[in-house]
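The region 'Disordered' annotation in Swiss-Prot covers 1-21. Marked as domain 'Protein kinase' by Swiss-Prot on the basis of sequence analysis: 57-315. According to Swiss-Prot, the ATP binding site annotation covers V63, G64, R65, G66, E67, F68, G69, I70, T71, K86. What Swiss-Prot lists as Ca(2+) 1 binding site is D371, T375, K377, E382. Feature annotation from Swiss-Prot assigns Ca(2+) 2 binding site to D408, D410, D412, T414, E419; the stated evidence is sequence analysis. The domain 'EF-hand 3' feature in Swiss-Prot is assigned to 431-466; the stated evidence is sequence analysis. Positions annotated as Ca(2+) 3 binding site by Swiss-Prot: D444, N446, S448, Y450, E455. Summarising the annotation, Swiss-Prot assigns Ca(2+) 4 binding site to D480, D482, D484, R486, E491 and lists sequence analysis as the type of evidence.
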Amino acid sequence: MGNCCASPGSETGSKKGKPKIKSNPFYSEAYTTNGSGTGFKLSVLKDPTGHDISLMYDLGREVGRGEFGITYLCTDIKTGEKYACKSISKKKLRTAVDIEDVRREVEIMKHMPRHPNIVSLKDAFEDDDAVHIVMELCEGGELFDRIVARGHYTERAAAAVMKTILEVVQICHKHGVMHRDLKPENFLFANKKETSALKAIDFGLSVFFKPGEGFNEIVGSPYYMAPEVLRRNYGPEVDIWSAGVILYILLCGVPPFWAETEQGVAQAIIRSVIDFKRDPWPRVSETAKDLVRKMLEPDPKKRLSAAQVLEHSWIQNAKKAPNVSLGETVKARLKQFSVMNKLKKRALRVIAEHLSVEEVAGIKEAFEMMDSKKTGKINLEELKFGLHKLGQQQIPDTDLQILMEAADVDGDGTLNYGEFVAVSVHLKKMANDEHLHKAFSFFDQNQSDYIEIEELREALNDEVDTNSEEVVAAIMQDVDTDKDGRISYEEFAAMMKAGTDWRKASRQYSRERFNSLSLKLMREGSLQLEGEN
């Protein structure tokens with residue numbers, strides 16, 4: 001559920017002292033009751049440590065932010081030990097799916113055994129306004145940042161990282177947990193020491209599974225998504241695919257499946273054509289390429305298991321892997337990939353902060369208006385008529401049908417209130433680029449209609465080394481397409497929309513968007529495996 005741990009230099013611009021959590025002004029029937037008969041009170045955790053976190057911990061400065069909440073540095077009052085506390089605002093949990101994600105994340109962290117490469121859960125609290133997850137503090141920074149900071153990046157270093165990631169996958173699968181969102185950003189170093197352990201930090205999309213069980217919910221990050229996820233029938237093999245994508249990026253600096261649009265990314269994943277021609281692949285060992293091929297095998301039945309990857313000769317002989325530099329090109333690509341992700345994330349965070357209570361205001365009234373028969377459900381015709389009456393922009397019937405099918409979780413051909421909330425939030429964000437303008441304005445502090453290099457540097461001062469002028473210059477060089485030394489709104493929008501949809505500030509939107517895309521590709525026949533009829 002977002003970055004749970006600290007990044008170096010994140011103190012700048014942070015809030016200090018104990019945070020004040022405002023009361024929650026919005027509850028809906030999508031939420032569960034506390035059984036007290038006192039109205040709708042959202043209860044998330046099954047067995048929290050307690051209700052008042054301040055009795056055991058002091059919350060300090062902010063160290064991170066995600067879609068659902070804020071992560072603070074916190075101190076155990078008795079021992080003085082430092083931890084990270086992820087405080088998830090209940091008003092941001094708009095649907096039953098959001099609630100279940102948080103509940104399951106805590107249950108999975110409790111279930112997982114202590115492991116040197118998995119962030120450990122300390123406590124979990126729940127009060128009327130928020131869920132507070134106290135966990136191990138990681139202050140060593142992100143995986144790619146550490147790689148870029150090193151002067152000499154080699155295949156041997158990549159092999160050591162991959163061994164750690166696969167050991168995490170193996171322990172997860174051994175304990176019946178499918179991660180579903182493996183990506184470089186979800187691995188942090190415990191501290192800044194050269195010998196620091198690399199740790200998996202985010203189980204927000206993870207799920208329990210049984211052998212042979214199939215899943216159809218489309219979740220994850222587009223670049224790392226396995227083809228069978230898009231086909232809506234998958235199992236734990238998806239984690240091997242995602243780790244294979246990470247390996248490819250570690251070795252050459254760019255993702256293996258990339259396009260300017262979500263549909264293009266999805267189609268590239270389905271085609272699964274791996275490019276080993278670009279630099280530095282001619283210098284990469286054949287055993288490394290062999291492992292990439294076997295991890296990015298499009299047929300999950302033929303894909304290696306975590307144990308088989310760990311037994312592969314490239315991993316087994318990691319200390320003997322080539323120690324020759326993969327070149328400055330790879331480091332430069334990794335730096336650009338990492339920092340550009342951070343710029344997008346910062347913009348997405350601004351957008352997400354505008355998708356709070358006001359986004360769902362009026363949704364209940366709209367549902368009641370459309371539900372003319374008072375059945376607690378609305379069908380496609382009622383949805384279409386209601387949207388027209390509310391002045392919603394015209395949506396083609398086929399798109400509306402796809403959206404409705406994606407949101408209709410119980411498959412009864414109608415939308416209940418919880419399902420309607422998801423559709424409404426989706427439509428509000430789909431309507432225009434208002435939120436993208438808000439994000440641009442956040443960076444454009446002097447309101448000149450351009451993001452200048454000083455504004456870019458200021459916006460990223462807790463994301464990158466403030467002395468790293470080359471990083472800021474690289475972003476400006478990449479985004480500033482007309483080379484006038486500043487970023488216009490059009491250039492900013494193009495950057496945000498390249499490769500993945502900026503509107504995935506909302507996880508619910510992401511799910512609905514990819515469900516719709518999957519259905520579209522199914523109808524076009526694009527999701528068939530090679531050789532299928």
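Note that Cβ sites are derived from N, Cα and C of the backbone, with glycine treated the same way.
Checking the binding-site residues (V63, E382, N446, Y450) against R486 (Ca(2+) 4 binding site) with a 10 Å Cα-Cα cut-off leaves Y450. Across the structure, G69 (ATP binding site) and E455 (Ca(2+) 3 binding site) are spaced 25 Å apart at their Cα atoms. Around the Cβ of N446 (Ca(2+) 3 binding site), 10 further Cβ atoms fall within 10 Å across all displayed protein chains. Neighbour counts of Cβ atoms within 10 Å were compared across the binding-site residues T71, T375; the minimum falls on T375. If you measure from the Cα atom of D480 (Ca(2+) 4 binding site) to that of Y450 (Ca(2+) 3 binding site), you get 10 Å.
Of the candidate binding-site residues, V63, D444, N446, the one lying closest to D482 (Ca(2+) 4 binding site) when CA atoms are compared is D444. Of the chain residues outside the Ca(2+) 4 site list D480, D482, D484, R486, E491, Y450, V479, T481, K483, G485, I487, S488 have their Cβ within 8 Å of the site's Cβ mean position.
Only T414, of the binding-site residues R65, T414, D444, S448, E491, have a C-alpha within 10 angstroms of the C-alpha of K377 (Ca(2+) 1 binding site). For the Ca(2+) 1 site, the Cβ centre of D371, T375, K377, E382 serves as reference, and the other residues of the chain with Cβ at most 8 Å from it are M370, S372, K373, K374, G376, I378, N379, T414, L415. Of D371, N446, E491, all annotated as binding-site residues, the residue with the shortest Cα distance to T71 (ATP binding site) is N446.
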